[in-house]
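Trainee: Annotation source Swiss-Prot lists substrate binding site at Thr49, Cys50, Asn51, Arg52, Ser109, Glu114, Gly115, Gln116, Gln120. Look at Swiss-Prot and you will find Cys50 tagged as active site, nucleophile. According to Swiss-Prot, the site 'Important for activity' annotation covers His99. According to Swiss-Prot, the feature NADP(+) binding site maps to Gly189, Ala190, Gly191, Lys192, Met193, Gly194, an assignment based on sequence analysis.
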Amino acid sequence: MQIAVIGLSHRTAPVEIRERVSIAEGQVPEYVSRLRSCSQVAECAILSTCNRLEIYTVLRDSEHGLREVTRFLAESKGVLLPTLQRHLFVLLHQDAVMHLMRVAAGLDSIVLGEGQILAQVKMTQSLAQQGKGVDRVLNQLFKTAITAGKRVRSDTNIGTGAVSVSSAAVEMALRKKGPLHNQRCLVVGAGKMGELLVRHLLAKGARQIIVLNRSLEKAAQMVEQFGLMLPVATVDELTNYVPCSDLIFTCTGATEPLLTLEKMSSLRRDQSLMIFDIAVPRNVATEVDELPNVQLFNVDHLKQVVEENRAYRQLMVTQCEEILLEQLDEFLDWWRGLEAVPTINQLRQKVETIREQELEKALSRLGTEFAEKHQGIIDSLTRAIVNKILHDPMVQLRAQRDIEARRRALQTLQTLFNLEAQSNPEPPTL
């Protein structure tokens, strides 16, 4: 059995290819079930996001299995095999394990340390379980990766500090204005950037948010996903909203400025306004910054914040890698211990058979009335004794890192208890 991951990501494939192989969340269990039926696939799980499509597998034979999985992906998504192969990456054994942990920790994301991917990894395991694609190995692998992702976020500061322009705008507003819960925020634009702005504003405590967009319907659809009754209006009403705003964020695709000196005429003299223009081309005319009660920040101002935070996060990567190596060792100890499982199961089965036979003899001697009254207690007692006697030897067998020492112990166990010699699975070459 070999652990492998085969897939593509923002590092290996352009969006045109990624969108062609993307699998909607609701379809993942079906794809998992179909892939699981391939002859060389013992277990599988599919991680599909806007930035990656990765198939985690336990293969009976790595060479034939990888060909089988690649062919399955190409045929099921209607992509020519040579086209797909140009963008695929393959990782085996320890590299595959470490890759999933890096993904869960956000170290392989466009935005270093971003938190959404951990939830997506959790969902991947859940969807694979629905499709009956995962068993002992991948369940343990995902459990370890999720633990690693949680530890990285709780034990380091990798997830702090803005590393996107939209989050940098909100962070700068928070620094300069203080708490956002009483700030009147105006977001102009309901595209992806506008959605991110609203998301970051809500995360930082803002509650008074109005969204403007050319299409009122699109603005309404965008705010609906947040489950809040946020007001929406059209960009044509921008002038009306300027005097009742403390913070304005612009992020439309307009080719000409939306906010000019003329449209700022409604600004009150006693009003202090901060504007964050994160659009390219810019949505706010340069001369607006000349107004005494206006502070204007554009993308270039915000990039400095982004780069400072990115450099800081990069320093955190070494600390994160140390955590991942600890989790990797933990998983590899578990994986190596699988070699002992068949012998352990056989021993447990033999001991349990003896326990049941002797229990039956004892109860028959005690008489029907006593047996019926106390059978449950005696059964629990004998079961507890067996479990306690076997516990330490079983733990020590699994924990033995020296492969040859473990195999000698297994052979001794088989000889002493007259067990059949097991064809134990070989651990991967690490």
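Positions of Cβ are set from backbone N, Cα and C atoms, glycine also.
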Trainee: May I ask for the distance between Met193 (NADP(+) binding site) and Cys50 (active site, nucleophile), taken between their Cα atoms and rounded to an integer number of Å?
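Mentor: Roughly 15 Å, rounded to the nearest whole number.
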Trainee: Return the single residue from the recorded positions list (Cys50, Ala190, Met193) that has the minimum number of other CB atoms within 10 Å.
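Mentor: Least crowded of the recorded positions Cys50, Ala190, Met193, by Cβ count within 10 Å, is Cys50.
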Trainee: Any idea what DSSP makes of Ser109 (substrate binding site), helix, strand or coil?
Mentor: coil
Trainee: Cβ neighbours within 10 Å, counted over all protein chains: which one of the recorded positions His99, Lys192 has the most?
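Mentor: Top count of Cβ atoms within 10 Å goes to His99.
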Trainee: Which residue, out of the binding-site residues Asn51, Ser109, Gln120, shows the minimum number of other Cβ atoms inside 10 Å of its Cβ in this structure?
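Mentor: Output over binding-site residues Asn51, Ser109, Gln120: least Cβ neighbours within 10 Å is Gln120.
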Trainee: If you measure Asn51 (substrate binding site) to Gly189 (NADP(+) binding site) at Cα, how many Å is it?
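Mentor: It is 23 Å, counting Cα to Cα.
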Trainee: How big is the substrate site in terms of the longest C-alpha to C-alpha distance among Thr49, Cys50, Asn51, Arg52, Ser109, Glu114, Gly115, Gln116, Gln120, in angstrom?
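Mentor: For the residues that bind substrate, the greatest Cα distance is 15 Å.
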Trainee: For Lys192 (NADP(+) binding site), which of the recorded positions Thr49, Cys50, His99, Gln120 has the nearest Cα in space?
Mentor: Cys50
Trainee: What is the set of residues, excluding Thr49, Cys50, Asn51, Arg52, Ser109, Glu114, Gly115, Gln116, Gln120, whose C-beta falls within 8 angstroms of the centroid of the C-beta atoms at the substrate site?
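Mentor: After dropping the recorded site residues, what remains is Gly106, Ile110, Ile117.
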Trainee: Looking at the recorded positions listed here (Cys50, His99, Ser109), whose Cα lies nearest to that of Gly189 (NADP(+) binding site)?
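Mentor: For Gly189 (NADP(+) binding site), the closest Cα among Cys50, His99, Ser109 is found at Cys50.
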Trainee: Quick one: give me the count of other CB atoms within 10 A of the CB of Gly191 (NADP(+) binding site).
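Mentor: For Gly191 (NADP(+) binding site), the count of other Cβ atoms within 10 Å is 15.
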Trainee: Are there any residues at least 6 positions away along the chain from Gly194 (NADP(+) binding site) with a Cβ closer than 8 Å to its Cβ? List them or say none.
Mentor: Val187, Val188, Val211, Asn213, Met222, Phe249, Cys251, Thr252
